[in-house]
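Since the structure comes first, as structure tokens, the remarks are kept for the end.
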Amino acid sequence: MLYLEDYLEMIEQLPMDLRDRFTEMREMDLQVQNAMDQLEQRVSEFFMNAKKNKPEWREEQMASIKKDYYKALEDADEKVQLANQIYDLVDRHLRKLDQELAKFKMELEADNAGITEILERRSLELDTPSQPVNNHHAHSHTPVEKRKYNPTSHHTTTDHIPEKKFKSEALLSTLTSDASKENTLGCRNNNSTASSNNAYNVNSSQPLGSYNIGSLSSGTGAGAITMAAAQAVQATAQMKEGRRTSSLKASYEAFKNNDFQLGKEFSMARETVGYSSSSALMTTLTQNASSSAADSRSGRKSKNNNKSSSQQSSSSSSSSSLSSCSSSSTVVQEISQQTTVVPESDSNSQVDWTYDPNEPRYCICNQVSYGEMVGCDNQDCPIEWFHYGCVGLTEAPKGKWYCPQCTAAMKRRGSRHK
């Protein structure tokens with residue numbers, strides 16, 4: 001998955017190439033303009049002295065002026081060809097970028113179906129200014145902590161909280177607010193009530209305890225990012241203060257390799273079922289999360305016997321409250337039996353680049369514009385632009401050039417006049 005690095009390496013020389021070609025075009029433009037100025041002066045002198053000189057002189061001067069005009073026209077045509085080459089160069093790089101994006105998207109979809117849509121939406125949200133609700137959510141702990149000022153010790157309680165911790169809380173609060181928007185009012189109340197008893201009984205005094213699976217379980221709409229964040233909060237709540245982290249990338253990798261086995265339920269529910277199936281899916285996720293948390297603490301049952309029993313009772317109450325939001329639990333079983341693997345044939349077919357059907361067609365091959373192309377100098381040519389390979393050219397022609405159809409038509413007209 002080094003598409004970005006490869007593409008950046010590929011376009012590393014593009015600015016220099018464009019600068020050189022634009023410089024060459026500028027020089028040619030100045031050359032054409034100077035030639036046109038000189039020709040205009042010669043034409044004015046020719047008409048001033050035409051009556052004073054002999055017809056032979058007039059014909060000679062007229063032929064010389066016409067020759068210089070044709071040379072200036074060839075230089076202008078060459079400048080246009082250079083502009084077309086620059087356009088094709090940039091267009092090739094744009095098409096290559098689209099191809100690499102399509103491959104990267106397919107690679108992400110193969111691992112987690114629907115993840116690209118979530119990432120694109122998250123990127124758009126990051127590009128836009130943050131909402132006032134999210135800002136209030138992200139910094140809701142700061143004013144409270146600042147008021148806890150101890151005049152005797154002359155320091156605040158936030159001095160020991162790392163800066164990364166606030167950033168992680170802001171990220172998780174954004175996920176929480178997005179998840180709450182996608183859920184309905186009834187299930188949101190049940191989820192928050194049920195899961196508040198079991199998500200963070202390990203260390204409820206920590207600031208991260210306000211984020212739990214109930215607040216993040218928005219169904220399949222939040223996707224893998226939401227569940228990865230939920231698992232990260234659960235994992236970091238049990239760590240020491242100095243080892244806590246909420247890295248979304250690490251959480252997502254841990255989420256993929258964990259024993260939750262969520263691939264089938266999460267990916268297929270977004271496409272096949274509605275609200276009831278997503279609620280039933282989150283019931284299964286909460287049960288798995290609480291059971292895995294209980295298994296991880298089985299080695300120290302003797303020390304935390306009371307804590308384990310309270311978490312088991314709260315897990316059962318959470319399961320019952322979450323189950324009331326779904327119409328049937330059999331939907332989850334049907335989802336788990338379905339597969340989310342992208343077929344290999346579909347993957348290969350999507351890698352091949354398909355042009356826009358609305359893009360205009362050129363040349364005798366009736367294909368879109370690509371590579372180097374040459375234009376027919378016949379103003380009435382129905383095709384106008386041709387690929388070099390289709391008309392047997394390897395370099396830009398000098399002077400005027402006519403396509404095979406126009407050449408044949410001109411020959412036919414010439415034979416008729418004879």
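Glycine is no exception: its Cβ is also placed from the backbone N, Cα and C atoms.
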Q: Check the candidates Lys103, Lys264, Lys398 against Swiss-Prot and report the one noted as N6-acetyllysine.
A: Lys264
Q: Consult Swiss-Prot and report the residue, out of Lys52, Lys96, Lys256, annotated as SUMO2 cross-link.
A: Lys256
Q: Check the candidates Lys79, Lys167, Lys249, Lys411 against Swiss-Prot and report the one noted as SUMO2 cross-link.
A: Lys167
Q) If Swiss-Prot marks one of Lys51, Lys165, Lys240 as SUMO2 cross-link, which residue does it mark? A) Lys165
(Q) Cα-Cα, whole number of Å: Asp377 (site 'Histone H3K4me3 binding') versus Cys363 (Zn(2+) 1 binding site)? (A) 14
Q. Pick from Cys365, Cys403, Cys406: which of these binding-site residues has the biggest number of other Cβ atoms within 10 Å of its Cβ?
A. Cys403
**Q.** Residues within 8 Å of the Cys363, Cys365, His387, Cys390 Cβ centre (excluding the Zn(2+) 1 site residues themselves)
**A.** Tyr362, Ile364, Gln367, Phe386, Gly389, Val391
Q: Identify all same-chain residues not among Cys376, Cys381, Cys403, Cys406 whose C-beta atom falls within 8 angstroms of the centroid of the Zn(2+) 2 site's C-beta atoms; report them in sequence order.
A: Asp377, Asn378, Ile383, Glu384, Phe386, Tyr402, Pro404, Gln405, Thr407
**Q.** Cα-nearest neighbour of Cys365 (Zn(2+) 1 binding site) within the listed recorded positions, Cys376, Cys381, Trp385, Cys403, Cys406
**A.** Trp385
Q.
Considering Cα atoms only, can you say which of Tyr362, Trp385, Cys403, Cys406 is the nearest neighbour of Met373 (site 'Histone H3K4me3 binding') among these recorded positions?
A. Trp385
